[in-house]
Amino acid sequence: MAEATSPSPAGPLNGNGRARTSRPPRPNYRDIHRFPLPVTIHNVPSVIPHNPLSLISVALSYLSCLISPPRKELYTAYFDSATSAVHVTDEKTINALWRMGFFGKGNLSRSEPSWLEREKKRRGYLGGNTSEEATRKRRAERRELKLERARVERQMIEERLKAEAAARESGSMASDGGDAVPAHPTLEKFSVKKAMEAKYQQKRQPAQQNGSVTHPDGTSQASNGKAVRFSPVVETKELAPQINDDDDDVDIELENEEHLQLSNEETFFLAYSLGALQVVDRETNTVIPTSSLFHRLCHHSHFPPRTGTADLEPDDPFLTSYAVYHHFRSLGWVVRSGVKFGTDYLLYNRGPVFSHAEFAVIIVPSYEHPYWSETQERKDYVARKQDRSWWWLHCVNRVQAHVKKSLAIVYVQIPPPQSSYDDIGGVLGQYRVREFLLRRWIPNRSRD
Amino acid sequence: MADADEDVIRAPGADTSQIDTDLSDETQDFRLLSHLNLYVPPTLTDTTSTSLPKRGEKDFEPNPTEFQADVLSASRQAMHNALAHPRIHNTKNRVIGIYAPDGPIFPDGYVETPKDVGKGVGVAPDCCIYIPSAKGSVFQGIGQADRWNRLWLLPEEALYMIERGSLDIRWPTSMTGTTEEEEGDLSIPMSLQAAYACMLGRAGLTMERYTVYTGLKRLGYSVFRASGWDDSAKPETPTTGDEPDAYTEPRQRGPGLSGILSCIANWMDDPFSTASPAAGPLVGCGIHRSYGDVYRRMSLIPWYDPTLAPQRDPLDTIAPFRVVFHVYKPSTSVKRSALPSPDFRIAVVNTREQTTIPTLPQLSALLQGTPIDPPTGEKMERLMYMRLRHGYRNVVLAVVDQGVSSFLRIGDAAFGKEKMYDSKNAPRGQKKHGNYKPRKR
């Protein structure tokens, strides 16, 4: 089960892919995501010194660009001020933004917009699994195993109680001298981990196990905890999607009800840094120019959103988080929200389909500029803004250690208020970032 | 599919010992202690019976079985036994120390010769316990000898040795009024309580620092005070504000010829540059030749380069964010007279006094006080994640919350020095198929 879910390898065809039966071929992620950003690249033919013809080809390519400048792709998104959110509804744009740089999140999916595909599968039009389904299946299996464990444990307790009662009966007859309770039936504890492993092993040799599906009831399983069998419920569940497959062949046109939702940082990055996105105000149906988009996103980083005329504050949450987002994006990381692990961002190498996020980022503002320590009022304000407790830090750190990510604390230096926020580059250039990597130091394990 | 990360959490194949499970986090199973033969009489040299115990199974909720009740009461009894076990000072190697409430003193009857004036006793002024005639090396890596063959101990060293049962300390004759002849076995022993009362709070020794010290000592580390021990110590030459700025400014044109050349190179790159940082798009609307160029043109946010930051005096820091302990691994051979560069530098924080995590100036000063320790070595060259995790400077924060200490290693990372878009730089990590393969760290 697990292997089918894994959204992984870049390779189109796995060497032993055929041996592993009915699994649909994995998409060729290396090809799908070959562009790291939604920007078109026009390669210049390389100059070969001993071949003068190569110069001509270079010149030609320059000329062709001069004469007919290639059309630049401009995508469109909608800003909805009621929800402070940016939506993309056009299918082509959704695909482009997801495939080139992993921007946005499907509003009905966990990340990649896959609702339509899922829905089709649910109705039996398509074979194969989406990652959501695989995860759901795995969770269901784990749940079964946990129930099984609870059952085994309950049974152990009952047996022990019985044995104790029997011992008391006989013990009251005999003198109290010896130990009252006889040797307990040694039941091994049921381990979900071991069960999952066993299942994995079982999967690897499907041929041997195929015929024998009939298992004895729970009692005998419990006694040999290591070779765990699975309740029939799980097996039928696993089979369920396949049965549906040939139910109906009617090809109904399903309407895609999902849209892509861009975070404010992503929106601004696409619009301002790459110039690949224009944002349309849903109410007025007009394109928002970049500078007013900047102001608007800043205002909408507060709750409730500030009105259009309010001054920007140098420590607007949007400004701080965008500085960090831009910093890591410009270094080539794929930056996505880290909310599921309690952090601000997760940093992916190349993208989530290729590798697990290695770093989790939390943002802490820093007010080093002398402006912030000029008056007592400002000092209090700054202290409040920087206040993070040790317990919070330990919590975040422990979670990251558990999911095998390294925690990076990124301090952003907040400049004093600016007279004008029109020069976006000039404003953002004053937010300096500094990263610290944090991890638990365990004396027991650092001795040599 | 970013959520595939969650798979890692429950990867059952992952060796749990690899995830940092810290055994010291668990409650101790005191029953194991009763199997351990704590006191081995000197006549018995048989050590086979003293093997290390193994941990048993854990029950997570109460159940009505007598078995569980028995286990519980056995545990309690074992704990009582362990705590009630008599702690014995072996008469053979009993060491007696004498408390010196006013710090290092000269031996009685010593008159300073003009030659020795100003030399003092020759030990650290915070020492307050001495062992009169220390023969050989009584304690390894602890204490400082003076000219009269007396071994002087710092308060934390003395407390640690008393707790270990290796030291017995006496009130000084000056405080008890006993005469000279009675010295020796007739002097008045100091109780453990009195020892704590006298030592803690003395010359910067807080309970938090003592907790960290004794914890590390028990694990076999060599721990020494660092120069930042005294909170009020100031650097001899305070830093002036004119040290070089360690933040790289991506938007600045370099000075002189190189700046002009880079401008020309930029123009060659993108002759019809439409890049406008003020209103966007940052990368321009022109024709892009490679993604590397696009990324380079996007660099806008100044980032900190630890290699540019000058080394600062370790005293130029803000307490409690200053290094108070230098720690050496048990394998490192340490001589007090010539201490090598420490394996770890530890700052101790009391969470009840410093309730918030450090601010950037505090952390920055703390790290700049440590020597630069760049990620070098064959493995580091190869593995980019490892380089990033190692950082350029590092320090260990011991965060003590009411007696519970947790250690955090803080590394000065420089993500800006590792350009992910340079494909040769980036690790080609792939997700492994299936959830059962543990990821290598």
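Just so you know, glycine gets a Cβ as well, placed from its N, Cα and C.
Heads up, TrEMBL stuff is auto-annotated, nobody curated it.
The annotation region 'Disordered' is assigned in TrEMBL to A:1-31, A:114-141, A:163-184, A:197-227. Annotation comment: TrEMBL describes A:203-224 as compositional bias 'Polar residues'. Annotation comment: TrEMBL describes A:318-377 as domain 'tRNA intron endonuclease catalytic'. Residues or ranges marked as active site in TrEMBL: A:Y348, A:H356, A:K405.
The two recorded residues, A:H356 (active site) and A:Y348 (active site), have Cα atoms 7 Å apart. With a 10 A radius on its CB, A:Y348 (active site) counts 24 other CB atoms from all the protein chains. Taking CA atoms as the reference points, A:K405 (active site) and A:Y348 (active site) are 11 Å apart. Neighbours of A:H356 (active site), defined as other CB atoms within 10 A of its CB across all chains, total 23.
Here the Cβ of A:K405 (active site) has 22 other Cβ atoms within 10 Å, regardless of which shown protein chain they belong to.
Remark: secondary structure over the domain 'tRNA intron endonuclease catalytic' (A:318-377) totals 22 helix, 16 strand, 22 coil, with classes taken from DSSP.
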